[in-house]
Amino acid sequence: MQSEKQCINQTIREINYTEKSQIYVTVRIRPLNEQETQDNEIQCINVEPQYPNTIYLHQSMNSKLFTFDYIANEYTNQQELFTKVALPSADNYFQGYNTCILAYGQTGAGKTYSITGPQKIIDNIQENEHRGILPRVLDYLFQYIQNQLNNEENTDYLVKCSYIEIYNEHIIDLLNIQEKNLQIREDIKKGVYIDGLTEIQTLNRYTAINILKTGTKNRHVAFTQMNRESSRSHSVFCIHLQQTQHQKSGEYKKYSRFSFVDLAGSERTKQLNAQNIERIKEGCNINKSLSILGNVINSLVEQESGKNRHIHYRDSKLTFLLKDSLGGNSKTKLIANISPCQQAFQETLSTLKFAQRVKLIKNKVTINQDSIKNIEFMNQELMKLKIENIKFRETIQKNEIYNINQELNNNNIIIDDNILKVYQEINKKMQESEELCHYYLELAQENEQKSNVQLCQNQDQLLQHMQFAKMFQQNELQYRQIIKLQQYRIDKIEKLLKTSQGGNDQNLLNDLKVLNNEELQKYRNLLDNQYYYGKLLKDNIFLKQKLNKNIRGQFHSLNTSFQNIEKNKENLVNKLTNNMEFNIEQRVKMQQTINEIEEKQENEKKYKENLQKIQEQLQQSQQEILFLKNQIQQLNIVQNVLKKRKKKNFFQKIRFQQKKMKTYKMKIQVFQIKHN
């Protein structure tokens, strides 16, 4: 039961939790190749050991500094790259997040080497130390699943693999090369996907490695001046994972996708030195798709800074396929591959600027799961917890009252009315929390029913629109056949007119008018159907937008409701624990209060005694003050008399009397200060 409660808490957190994940950017510097070493090429890249995440790019008077999440220098091997970059992504993948690793850079910078490894080791890639992060992830994936199956018997795993390439803006299934122009679709539940793509269920790592080998051998690779085995297409290898956890009350499912994107290298036609028209065409298509990718990145960065921008994902097959990975629901990492050679300074600078822009993008990621089944599962578990909560509350109340009475009897302490009020308040709060949980549960169920009814209605309308669209297509075929028949008749009439007599021309023209009137009537009917279809298509788009908006609103309200339920449940548990502590503290405070009251009573007696003494002293002081005031008046009279007499001999006496007056005044002030 404890594990099921943990499962519910995890499910509620996963439904409500949507975080912003910044794209993690890694820069990998390849070593100089044999030709560059023979030509004594100068390096334009420097990474200081004390600043391992900062790269210094320099050329004569031009120098730049860039900072990234991780920089793999020319001495970084494949295992270290896997540990730093791919392993954390694999852990997120098992938690139910979509993950993606993209390799970007110019031709010959080491993109394919980082993802899969060298082309020449593809046949024995499984045990080779130069294999890339993709085969290493496959090994880790199936090893993790095997360990989980050994430890947990109530979880099933389903793994499927797919492998495609985008060549000259055509999507080719590398596992079924006969499918050379697949189409990308977008769905509310699935997101962006490829229609008709081959997905092979994989039971172990050997099958997955064979899929990788088959697809890699079918890729378009060609010799260019910059790279002997240059990839002439973008490739995407996807691993789909479904995790099904079996509980007593139902199934709990999570879905995730791990994508490895090996982008074709950005290149210049002059550098290619390609005389083959096909190579030039490939390079143009590659540069075009990468240019659109750069525009999408710029728009996402501007949108992140607060500007209102429309993201043109559909301008290219590549950007449309990467919609979730860039700005969508995916934890994405970029590996920017660069060359240290001085001749590649501009391409390296462009790659680093691209990586710097990508680092500013934040994706909105969430765990993918079967929401409807999870909601039903949580409803059942919440009802169980509610019943357990009532029983638990009654048990706690009985035990607490018994323990309190026992302690009070032992310590001869009488329960105060405040403790009873506290218990009444606890019961009241717990009842309010239960009513609130019940209210949010009913609200979530009601919203779910409304969304299901609305969904069924909209689906019926969509089916009707599809029938109308099918009817319009049939009319369109009929229309084309009529045009062909009309053209045939016109040609036939022209031939007859050239060979016929003048008397027959009028009859032919009359027949032609009749035929034209009939055809015009058919055209009008077809135009009416076309107008009606256009209107229906517009209504269809409007209904789809409305349906998407309603579904988002319903899920938002459901998430809010379950979040409130979780908060109330946590508050209830916290109150129970806090109230137990509060009761103990209250009893201690009561004893302290009694002691304090006794001390206050004693202090009050002392205070009254001191007050009487002070009042007596005050009366004495007042009498002294009256006496001193009389003395001052007498001295003033004497002083006035002496002034009138103007006797110099008495001045000293007067001064003496003045000093005496001052001392009396000082005494009066002292008495007033004391008794005030």
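Just so you know, glycine gets a Cβ as well, placed from its N, Cα and C.
Per TrEMBL, the feature domain 'Kinesin motor' maps to 22-361.
Its Cβ placed at the centre, T107 (ATP binding site) has 24 other Cβ atoms within 10 Å. Per TrEMBL, ATP binding site is recorded for G105, Q106, T107, G108, A109, G110, K111, T112.
Residues belonging to the coiled coil (368-395) score a mean pLDDT of 69 in the model. The feature coiled coil is assigned by TrEMBL to 368-395 (among others).
Summarising the annotation, TrEMBL assigns coiled coil to 580-638 (among others).
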Look at the binding-site residues Q106, T112 and tell me which residue has the greatest number of other C-beta atoms within 10 angstroms of its C-beta.
T112
For G105 (ATP binding site), what is the tally of other C-beta atoms lying within 10 angstroms of its C-beta?
28
